Ligand SMILES: *Cc1c(COP(=O)(O)O)cnc(C)c1O
């Protein structure tokens, strides 16, 4: 028998999530963001479920080539652009849209020998201070790019640092206006949060990522509970051991959990080497046999323990949902002090994945 842990991906939910993104931004085209191997879901497994998208956005060449080899003929946006001038040969071959965020990229584009011009996303830094030109430089860079025979369609792009909050994009939007004064240009600004919550930032192309996978851009499931978005990934395992504790008995490494009275606990085949967060404290939500309960003690590499008090019928072989439709990944993440993004991206290679 194989180890009982399994991740299953609901591709129907993914299709619906894309539909919900489209309804949220009905006048924009959609870049479906599939970076980081489709947020840990596996680009190969999920891309066809997103076949109704207008384009895919990601950032490593291998993944872009995979999409082309699987037959995707539509646009592919490289969110961080090329990392080395030599990459442009592959951009040319596979017809990739590149972001340009630094001067050296501009020069590389100028000097490249391409078979046909490449579409370019000029990236403006609107306050995140990671990549991009300052707003006051945008017009100059725009004209420089416009003058290059190697540049096809030009679009202005920026990324919000704080679109989860009602007032969070105001300053960034002011900088976009400053950067584009008098410039007629296509724009792409919105991540998932802005796609859902800031229609004034939608413009020509939106770039949703996390909502396609059915988790919340704010980290709070509550914030998307009424949107119809559905979790795509369910991580399940089973109870492989049962212990009955007496008052004072402790559980796991460091003995960080102490039983207050007699208590049954189940040992689940799932640990941090599967991608379950080691920082999840006792009480992190988990579903056992369809009943909500909590973890107890420190998460180990290959196992974790759960309280069986609310589900006395549970025993060896009882199914456990670690996250998915019942236990939202956002809730597990916030218990562990992180966000759903990190957990889904960190699903370990050793966990078998099936699509349903
Ligand atoms: C990751 C990313 C996105 C998608 O962000 P979500 O919060 O997952 O919607 C959009 N644009 C850029 C530039 C990104 O890096």
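Counting starts with 1 at the first residue shown.
The backbone N, Cα and C atoms fix where each Cβ goes, glycine too.
Sequence annotations record features per position, and here TrEMBL assigns active site, proton acceptor to 35 (among others). DSSP gives residue 35 (active site, proton acceptor) a helix state.
Sequence annotations record features per position, and here TrEMBL assigns N6-(pyridoxal phosphate)lysine to 35.
A C-beta separation below 8 Å, combined with a sequence spacing of at least six in one chain, links residue 301 (substrate binding site) to 271, 272, 273. Per TrEMBL, substrate binding site is recorded for 130, 301.
Annotation source TrEMBL lists domain 'Alanine racemase C-terminal' at 232-356.
Positions annotated as active site, proton acceptor by TrEMBL: 253 (among others). Spatially close to residue 253 (active site, proton acceptor) yet at least six residues away along the chain are 297, 298, 300, judged by Cβ distances under 8 angstroms.
Sequence-distant contacts of residue 130 (substrate binding site), defined as residues of its own chain at least six apart whose C-beta falls under 8 angstroms from its C-beta, comprise 159. Within 10 Å of the C-beta atom of residue 35 (active site, proton acceptor) sit 18 other C-beta atoms, taking all shown protein chains into account.
Taken through DSSP, the domain 'Alanine racemase C-terminal' (232-356) splits into 19 helix, 45 strand, 61 coil.
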